[in-house]
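Below: the structure, in structure tokens.
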Amino acid sequence: MPKNSKVVKRELDDDVTESVKDLLSNEDAADDAFKTSELIVDGQEEKDTDVEEGSEVEDERPAWNSKLQYILAQVGFSVGLGNVWRFPYLCQKNGGGAYLLPYLILLMVIGIPLFFLELSVGQRIRRGSIGVWNYISPKLGGIGFASCVVCYFVALYYNVIIGWSLFYFSQSFQQPLPWDQCPLVKNASHTFVEPECEQSSATTYYWYREALNISSSISESGGLNWKMTICLLAAWVMVCLAMIKGIQSSGKIIYFSSLFPYVVLICFLIRAFLLNGSIDGIRHMFTPKLEIMLEPKVWREAATQVFFALGLGFGGVIAFSSYNKRDNNCHFDAVLVSFINFFTSVLATLVVFAVLGFKANVINEKCITQNSETIMKFLKMGNISQDIIPHHINLSTVTAEDYHLVYDIIQKVKEEEFPALHLNSCKIEEELNKAVQGTGLAFIAFTEAMTHFPASPFWSVMFFLMLVNLGLGSMFGTIEGIVTPIVDTFKVRKEILTVICCLLAFCIGLIFVQRSGNYFVTMFDDYSATLPLLIVVILENIAVCFVYGIDKFMEDLKDMLGFAPSRYYYYMWKYISPLMLLSLLIASVVNMGLSPPGYNAWIEDKASEEFLSYPTWGLVVCVSLVVFAILPVPVVFIVRRFNLIDDSSGNLASVTYKRGRVLKEPVNLEGDDTSLIHGKIPSEMPSPNFGKNIYRKQSGSPTLDTAPNGRYGIGYLMADIMPDMPESDL
């Protein structure tokens, strides 16, 4: 190199001697600087602005105020309405206490590893679901778009359930509760009980007729239900206001929305234990039926529940974790949140069956009283001989044990005539075996139980306020799974995007507040999420393990966590989880194919539910929900594979860091190029290859040398490579 070259002069003046290769070999200095810089997302051009080290600069990408706030957000997202009204039903249906064993096994094999995977990629790359999968491979960017579509489909109908809860909450401030008794109908001559209510029950009538004013089929829209329209609007306004500033606004609400449901559940459990029959309900719940546990259907339903309970594939988990510090222990978070979710489900199951045990006891006492009166009538009429009734039994004040004794005697003596007597066995187990889930549990069975509580309005207010908070916690994560990826990718303002999303969702959601809206909720719940989310998570697993590389990913985790994660995760991610997810997908497709597509319609004349098949247009909608949700995956792959559009979303130009200002050199993630850093302090930018540090130090000195202008940039590197180039060109 000529002595008078500008590069030599720089070396003499500024003690700069590193070549491009030397610069790329620096490691220690970059590692030190890693801890002093913070990630922001910025789509603007780089600014030649000096920022003093240690100066207070507000990050453009928000961060959690505390670890507790983050954990509560993840818990609020994963613990939702399904924990209260689906897990108890599955537990009862699939062997009682024995169901907990397959659930725990699948939680360890599928749940925690995949939850840990989503947390770690979000925290490492610090983007939403679209950016994360673009980063790993631009051809797989459709995975993130598919997550957003599924999130939006789910948000459309999930917020309707919050609207229903708001309606019941608003109606709970009266004594007696409006669903306590059947309404009376008056005409010119006399007063009588509403026939539809008399044939069903007061709570069933109130749900279908007063709340939903439901039509007889999905084809009869019946117009909008104005009461539910107002409640849906209120629900979306609440979500919009809570999410308009992202985690900066929702983070403050999370403390209440995540913790309040636990307060209510514990209060309900204590209150239920003081009521007659609660122990019967819990005993019935946890009596194991081991023979059922070996059925394949039990394991399929347990795997599906684990999958959806943790919110896998929605993108909310990735979005929340993207606001974490890079060195956060996401493995601890995955295990903690997973087991909190499990114990919440068990707690909710205890509460549900303690309350249903009390309800069954009340109904059983009424049954015994009514049937005892019927037996006394038969005794007076001579249909039954007084001699067969034991002398120590008084049918006027009969106990359950004595009634069952009399019932068995009459059944044996009057064997041929017994069916004509229309006597009921009045066994509490039969009442508890009437499995209910979903809206049937929350808005019919549980509301009926609360009418028998002392101070029933108070408990009703608490219960439906709990449902609102459970729903909002899940909605925050769902909306975050939509907004964060789009903001990161397209650089739109979060406030504007949030308002547009909520406004559009309310307008589309009007189909759910028609008189036939409940049938559309069932349709979306059955078809919009199950298959698409399974496909999304399978592709996530493949992307990390086989496209990016499981070995490099394990190195990244070691770099982030400060310790090597157990090899257990290596084998789960690479072998076990993909096989189990594929098996679950096949089983779900087979089950969906064997189950006739339809819904339970409320028939007013019969005052009962009746299964109806979807009309042709309904089948088209069902198929469209699945296709539209998963369509972004092949579309993005084809577009990127054949370069059909000029797209730079595979670059890292959108990721910048303050404190040392400013990283801005696009890098193709599919190539081996290394990004270039501009600034006085090397930044904490994720490298295109997770397992490699961008800088490597040659001499081991504590600081990384810079050019005279304080930059690492194109000009400085080119000066070292091409010394004869004019300085103005550098």
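For all residues, glycine too, the Cβ spot is worked out from N, Cα and C.
Per Swiss-Prot, compositional bias 'Acidic residues' is recorded for 43-59.
Swiss-Prot lists ASN187 (among others) with the feature N-linked glycosylation site. The secondary structure of ASN187 (N-linked glycosylation site), as reduced to three states from DSSP, is coil rather than helix or strand.
Long-range neighbours of ASN213 (N-linked glycosylation site) (same chain, six or more residues apart, CB within less than 8 Å of its CB): GLY222, ASN225, ARG515. In the three-state DSSP scheme, ASN213 (N-linked glycosylation site) is classed as coil. Sequence annotations record features per position, and here Swiss-Prot assigns N-linked glycosylation site to ASN213 (among others).
A simple way to gauge crowding: the CB of ASN383 (N-linked glycosylation site) has 13 other CB atoms within 10 angstroms, across all the protein chains here. Per Swiss-Prot, N-linked glycosylation site is recorded for ASN383 (among others).
Summarising the annotation, Swiss-Prot assigns N-linked glycosylation site to ASN394 (among others). Cβ contacts within 10 Å of ASN394 (N-linked glycosylation site), excluding its own Cβ and spanning all protein chains shown: 11.
According to Swiss-Prot, the region 'Disordered' annotation covers 41-60.
Sequence annotations record features per position, and here Swiss-Prot assigns topological domain 'Cytoplasmic' to 1-69 (among others).
Taken from Swiss-Prot, the feature topological domain 'Extracellular' covers 163-225 (among others).
With helix defined as DSSP H, G or I and strand as E or B, the topological domain 'Extracellular' (357-452) counts 68 helix, 0 strand, 28 coil. The topological domain 'Extracellular' annotation in Swiss-Prot covers 357-452 (among others).
Annotated topological domain 'Cytoplasmic' per Swiss-Prot: 643-730 (among others), in sequence order.
Sequence annotations record features per position, and here Swiss-Prot assigns transmembrane segment to 70-90 (among others) based on sequence analysis. Panel annotation: around the transmembrane segment (70-90), residues 64, 99, 158, 161, 247, 250-251, 254-255, 257-259, 261, 285, 301-302, 305, 308-311, 316-317, 320-321, 323-324, 333, 336-337, 340-341, 344-345, 348-349, 352-353, 435-439, 441-442, 467, 470-474, 476-478 of the same chain, lying at least six beyond its termini, place a Cβ under 8 Å from a Cβ of the stretch.
Sequence annotations record features per position, and here Swiss-Prot assigns transmembrane segment to 98-117 (among others).
Positions annotated as transmembrane segment by Swiss-Prot: 142-162 (among others).
The transmembrane segment annotation in Swiss-Prot covers 226-244 (among others) and is backed by sequence analysis.
Taken from Swiss-Prot, the feature transmembrane segment covers 253-270 (among others), and the record attributes it to sequence analysis. Here the transmembrane segment (253-270) has long-range neighbours at 69, 72-73, 75-76, 79, 242, 344, 347-348, 350-351, 354-355, 459, 462-463, 465-466, 469-470, 472-473, 476, meaning same-chain residues at least 6 beyond its ends whose C-beta is under 8 angstroms from one of its own.
Residues or ranges marked as transmembrane segment in Swiss-Prot: 306-323 (among others).
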Separation of alpha carbons, ASN394 (N-linked glycosylation site) and ASN187 (N-linked glycosylation site) (Å): 42
Region pair the transmembrane segment (496-514) / the transmembrane segment (306-323), three or more CB pairs under 8 Å: no
Feature contact check the transmembrane segment (226-244) with the transmembrane segment (142-162), CB under 8 Å, 3 or more pairs: yes
Number of Cβ atoms other than its own within 10 Å, given for ASN187 (N-linked glycosylation site): 7
Cβ pairs under 8 Å between the transmembrane segment (306-323) and the transmembrane segment (453-472), at least three: no
Between ASN394 (N-linked glycosylation site) and ASN383 (N-linked glycosylation site): CA-CA distance (Å): 18
Stretch in 98-117, 453-472, 530-550, 571-592, 620-642 most in contact with the transmembrane segment (335-356), if contact is a CB pair under 8 A: 98-117
